[in-house]
Amino acid sequence: SSTCIPSGQPCPYNENCCSQSCTYKENENGNTVKRCD
């Protein structure tokens, strides 16, 4: 009963995302965080 993570939210793996794609993005602080595409 796992729900998918919406676009723009932090994610551990591709499979966790509704889009099935979790990639590194740079946030406003200049830190790199994996988020759903």
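Glycine too: its Cβ is placed from the backbone N, Cα and C atoms.
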Second cysteine of the disulfide that Swiss-Prot assigns to CYS4, among CYS11, CYS18:
CYS18
What number of additional C-beta atoms lies within 10 angstroms of the C-beta atom of CYS17 (disulfide bond)?
22
Rounded to a whole number, how many Å is the Cα of ASN27 (site 'Critical for insecticidal activity') away from the Cα of ARG35 (site 'Critical for insecticidal activity')?
10
Among the recorded positions listed here (CYS4, CYS18, CYS22, ARG35), which has the Cα closest to the Cα of PRO10 (site 'Critical for insecticidal activity')?
ARG35
